[in-house]
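Undergrad: First, the structure itself, so that you have it in front of you.
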């Protein structure tokens, strides 16, 4: 554990933030042992805290980042760099974008520095069979080595899965599950764990709302389900909640309501992959649980690139990853 003992968090954060004024794309190359230390120390903290977090407002909630490091820095400029504000991120830190390493390293560093004020949930891309395919593995291999990617996997397998803010706002990456009857079921999930192909943990990270579905439907992703407005209303009523806050889908304005404002989707990576013309958003929850949105506008419209592959069915990915 020598990597953890001599970890200089302040120096790491300082170097990661030094590129703030630079042209987007400039890398920060931390030492391999520093990154390993970030993974090991944050993993310890994740395991010392509940898998279902119970948080208090005020805080700011962010959706997918996907390696768009300079947009993450813009989010902090808008919302206030920690510890100025408390944060909850809803997962999908890596893959797709060009700087997954800087992104996840800054987030883990802030988790270590401010463990009671900075929170990270697991997204479906914090899973080896997914980020093996969609960019993070290749970035680790190119800039460091495969062993470091495996160290991240061990860390991701310990991330919390969901959070409840002031007993009223239920937060997770994907959405609801037909298997979820009691919050105790989430609390009983043992870590470390991979993300299974089906069941409660899979659904919390993979499911999507769908206005055209009554009850539960098939998901075009080939994994998990879709759920309709009535499912949302029943869930909130049963658990005495006001709102579901989730990420997992690109939405044009960075945030989008569903089911009469009983669910909100947040997406925090503007111009996603350089191919979408979407804004990014961050939701601020004040002490009275009033929610407002800060928007990161997209850059000037670019020609969409039709060549980006969609996420294929889960089974297919798993098979590819085993090669």
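Quick reminder: no glycine exception, Cβ is built from N, Cα and C everywhere.
Quick paste of what Swiss-Prot says about this protein:
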BINDING   64, 66, 92  Mn(2+) 1 binding site
BINDING   92, 124, 173, 248  Mn(2+) 2 binding site
ACT_SITE  125  active site, proton donor
REGION    300-323  region 'Disordered'
Undergrad: Fill in the CA-CA distance, residue 173 (Mn(2+) 2 binding site) to residue 125 (active site, proton donor), as an integer in Å.
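TA: About 10 Å separate the Cα atoms of these two residues.
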Undergrad: Within the chain of residue 248 (Mn(2+) 2 binding site), which residues six or more apart in sequence place their C-beta under 8 angstroms from its C-beta?
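TA: Those within reach of residue 248 (Mn(2+) 2 binding site), by Cβ under 8 Å and sequence separation of 6 or more, are 63, 64, 90, 91, 92, 123, 124, 173, 174, 175, 205, 206, 208, 265.
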Undergrad: Over all shown protein chains, what is the count of other CB atoms within 10 A of the CB belonging to the residue listed as 'active site, proton donor'?
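TA: There are 28 of them.
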Undergrad: Around residue 66 (Mn(2+) 1 binding site), which residues of its chain at least 6 apart sit with Cβ under 8 Å of its Cβ?
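TA: Sequence-distant Cβ neighbours: 92, 93, 94, 95, 96, 97, 100, 125, 269, 272, 273.
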